[in-house]
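Annotated active site, proton donor per Swiss-Prot: Glu351, in sequence order. Summarising the annotation, Swiss-Prot assigns active site to His382, Lys508.
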Amino acid sequence: MNAFTRAWYALERHYQDTRHVLLRDRFACEPDRFERMHERLDGMLFDYSKNRLGEDTLQLLCRLAETADLEGKMRALRTGAKVNNSEGRAALHTALRLPDGAGAVYADGRDVLPEIRRELNRALKFAHSLDDGSYQGTTGKRITDFVHIGIGGSDLGPAMCVQALEPFRRHIAVHFAANADPACLDEVLCRLNPETTVFCVASKSFKTPETLLNAEAVKAWYRGAGFSESETGCHFCAVSADTEAAQSFGIAAERVFAMYDWVGGRYSVWSPVGLPVMVAVGGARFRELLAGAHAMDSHFFHTPPRRNIPVLMALIAVWYNNFQHADGQTAVPYSHNLRLLPAWLNQLDMESLGKSRASDGSPAACKTGGIVFGGEGVNCQHAYFQLLHQGTRLIPCDFIVPMTAQGVEDGRSRFTVANAFAQAEALMKGKTLDEARAELADLPEAERERLAPHKEFPGNRPSNSILLERLTPYNLGMLMAAYEHKTFVQGVIWDINPFDQWGVEYGKQLAKTIIGELEGGTSVHDASTEGLMAFYRECRLKGGGAA
């Protein structure tokens, strides 16, 4: 039995020994529990004291990380080793946010920092030219709107950042179109003037079908408005690893910005893929976003596991996923501007960790990625929180709470923060049957006994609280990088590759075949798929609609 397996079995035994210990009892017996179980970094506080664990649990989890060679894997990530082994690539998103003056970072024996600096500065310069009006459309009018066309990692990160940083928005309105459903792009175009709009096509391969379909639809929109091909091209820019394909699409080289094959889409907002963020909030604010992410990188790479925020987040998630058999995890930002964070986390975690094969291709030795979902607090308290409080499933919760609202301070911010704190406390403490009876003391005994069981809360429901002094670009960068590194650490513990997504590719392959077959002709699929295709053709014949 190797050291990792021994560490794993030790955690299994520890869970059996401590499974009946209640969180409310831990707090009663450990007055210094919060002091020992929270970490601070700049404007962030991470409280993990409301979790089903003790110091002995943390020691065992850190030992598990040690036997998984977490330190060596972190070094490999930072120095450009090919940690994405299935595709033979590095994963150097941390290099994208290195400050000026940082030492060389190598990928395939080449220092990538000069290229990173060049492309970042080009993108920032273009964003500034839109902002100050020096770049204009073909009719000489100032640009008022910027539409980002991308999907997945080329959409979720930028869209979330633009939404989160709305209070810092400058002059240009930024829009997003991801879905190939015509309603998505049409909803954006109906509000825009083609003379004052610039479109950005973001696709790493420049072959993403949803993105190219929308880009072609925009070209048709310009043709309908009387624009020539060359005039239309002036209203486009692109971000891609295949810069030649972008230029072949009709976009001038000076407006094509490079992505890198050593950065995955869901980690790419720090690259020129973040162009809509640069346009929305300006170059200085974008650099603050990078600086916040770099601060978390430095903390992650140089802090011992027991005090390391992303490592602790990951080990706690492993503790619930693999030893307490949790049914998922929810993330709840108590901030309207952070309402897209759960969708971004959903992709980051589930696309990265939804793997059933170990890094060497053998079957994974344990349960890997879980179901991650979320919603905007306080809204979701009136939706799925009932299940968190009184349901039969274990679903740990992350509360993400800015302390100061980006708006009028009229009591609503205090109400929002109070609700976040109250929900975390209620999940942890619960309400005993006797406490429920005491609340119903004014009722007749029979009625009290009938209602009390329904008002009992089991409690012992775990949560993390991640507090931000304010929702600023810097603090947002720290928050995002913390979750990125958490995802990486979970991949190390489970020995899976968090940087590929082959499961996504298979569906794309089948779709290419089915698209042509929907118009008729020979097709060979299972009976269900054939039936669905037949119904589509039937509806098309009845409606006579366009494809």
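Each Cβ is built from the backbone N, Cα and C atoms, and glycine gets one as well.
Locations of recorded Swiss-Prot features on the structure.
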residue : record                    : Cβ within 10 Å
Glu351  : active site, proton donor : 23
His382  : active site               : 9
Lys508  : active site               : 12
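For the pair Lys508 (active site) and Glu351 (active site, proton donor), the Cα-Cα distance reads 15 Å.
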